[in-house]
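Trainee: Okay, these came from Swiss-Prot:
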type : residues : note
SITE : 21       : site 'Transition state stabilizer'
SITE : 28       : site 'Transition state stabilizer'
SITE : 162      : site 'Positions MEP for the nucleophilic attack'
SITE : 218      : site 'Positions MEP for the nucleophilic attack'
């Protein structure tokens with residue numbers, strides 16, 4: 001499948017979190033990564049893709065860092081109000097897409113603001129494998145280490161079969177209307193939603209797992225940032 005055969009898509013980037021585990025003076029998406037902020041590098045892969053229709057970044061109220069970035073002035077990038085939880089931010093982003101002319105059956109890719117090492121190859125693979133899928137899915141990586149379940153005392157209660165375990169990454173790709181309904185209904189029901197796929201699962205869907213690169217890391221700790229520094233030219 002050539003690039004022109006890939007489906008057009010919209011992107012939502014929830015970026016209202018503070019990243020307290022980084023112990024930094026600013027949210028982790030605004031930390032320096034080889035001379036540019038993390039979020040700028042995160043957006044690059046999407047803004048350089050010819051099938052992108054538009055991108056919405058969901059920001060905290062009075063975010064002082066975003067306005068000073070070059071990408072904030074891009075005609076492809078719009079803002080939406082971030083929420084208390086990830087699901088709230090994504091819902092806000094989906095509503096903004098509808099205001100921009102997106103349709104309920106359009107594809108939307110939701111991606112972590114602090115996951116800056118997404119490759120064009122992984123993005124194209126996700127788009128190609130899900131282009132005709134009735135549900136959608138997500139990039140994921142098969143578990144490679146032995147997995148243990150712990151009891152309340154921190155002791156091993158069982159060994160889990162890793163052949164059926166995958167690590168959920170992003171982007172996660174679903175139809176706008178279906179994802180909006182799943183997130184909204186889950187929030188009303190008080191269901192704990194950790195990512196978009198979990199909302200779709202709760203709504204009765206079975207998202208498809210698309211294998212991606214293990215180095216598509218989400219920055220959570222200072223060690224993660226240090227590891228990714230080596231991936232980008234200075």
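Cβ atoms here come from the backbone N, Cα and C positions, even for glycine.
For each listed feature, how buried is it and what is near it?
Mentor: All protein chains shown were included, and the count of other CB atoms within 10 Å of the CB of residue 21 (site 'Transition state stabilizer') stands at 12.
When secondary structure is read from DSSP and collapsed to three states, residue 28 (site 'Transition state stabilizer') falls in the helix class.
According to DSSP, residue 162 (site 'Positions MEP for the nucleophilic attack') sits within a helical segment. Residue 162 (site 'Positions MEP for the nucleophilic attack') counts 13 other C-beta atoms within 10 Å of its own C-beta, drawing on all protein chains shown.
Of all Cβ atoms in the protein chains displayed, 16 besides its own lie within 10 Å of the Cβ of residue 218 (site 'Positions MEP for the nucleophilic attack').
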Trainee: Please name which of the recorded sites listed here, 28, 162, 218, is nearest in space to residue 21 (site 'Transition state stabilizer'), Cα against Cα.
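Mentor: Going through 28, 162, 218 one by one, the Cα closest to that of residue 21 (site 'Transition state stabilizer') is 28.
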Trainee: Can you give me the Cα-Cα distance between residue 218 (site 'Positions MEP for the nucleophilic attack') and residue 28 (site 'Transition state stabilizer') in Å, rounded to a whole number?
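Mentor: Pair distance, Cα basis, whole Å: 10 Å.
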